[in-house]
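What follows is a single structure, written as structure tokens, with notes after it.
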Amino acid sequence: MTKIAEKSKQEYGDLLKEKDHLQDMEQLEMTIVSIQTPYPSIVRIQGKINTLQPELWQAPNLAIRLIVSNPPEGQPISRVYTVRSFNPINAQIEIDFVKHEDLSPAMEWLNSAQVGTKIGLIGPRPHFIPNFTAKKHVVMFADDTAVPALYSILKQWELGISADIFIESFEKDIASQLPELEHVKIHSFHKEHHTSQKGLLLKAAFALEHYENITIWAACERNEARALRQFFLEDQQLNKNDVRIAGYWRDGVSSSELDKLRAQHYQEHIQQGKTLNEYDDLDLAN
């Protein structure tokens, strides 16, 4: 590893420890109590956490950082995942992993995980939910990586709010385990494995019947997320508070490399005197 790479890795680890980044998050240990495969491409892990603040874990769309590797030299390697659910009675959380063929640090850990395995984590960090305050029709876009976020949001859905939810997935019945709610319609787009087909969510956005009195929530691949944001903010001129979009991963870029780019961008952000609450990950040019 070059000195530049070492410096970048060290700076990233330091950034994760800063007060602005940690805020009210806990640094905990999770013990796996169950491993299931609800779909061929998804592994669901249930783990018990030793939280002293269970109230922090009951909000929808919470993100955590799992310490998937602790190399003898250098910084721990971590990955961000969404908490699908939290049970306050037994302090257990559910996390879904989308399986990949490459042996990334996360997949190596997942392949070795078994009941009783312990892993460190940092969290939870609340991520955005749809803008329910104006009582507008909600339109949501998600790929496989965002289905746990969808699940947690639907479990705490605002009464009386209508929605159309578009899901792009490798699994034909991905919506079968999502809560069924009145006035909420789910549209699933099945994507074959190893296909080069892209942009299904963006095409769905282009095909909406109207763009008045709607509010947007989306989480998917970064390039598509950025295109969705541009379409709704610039082309349709929706209010920024009604366009809540996140890019969870980037096609062709490893999570390690993406984390480095995010760290550099976040460092520039805080050097300008800004805070985490003002940070928009999709402003990252790469």
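Glycine is treated like the rest: Cβ placed from N, Cα and C.
Residues or ranges marked as FAD binding site in Swiss-Prot: ARG79, VAL80, THR82, ASP96, VAL98, HIS100, ASP102, SER104, ALA106, ARG250, GLY252, SER255. Look at VAL98 (FAD binding site): DSSP puts it in a strand. Cβ neighbour count for VAL98 (FAD binding site): 22 (other Cβ atoms within 10 Å of its Cβ, all protein chains included).
Annotation comment: Swiss-Prot describes 25-131 as domain 'FAD-binding FR-type'. Looking only at the domain 'FAD-binding FR-type' (25-131), the predicted model's pLDDT averages out at 96.
Cβ contacts within 10 Å of ARG79 (FAD binding site), excluding its own Cβ and spanning all protein chains shown: 19. Cβ-based neighbour count (10 Å, all protein chains) for ALA106 (FAD binding site) stands at 22.
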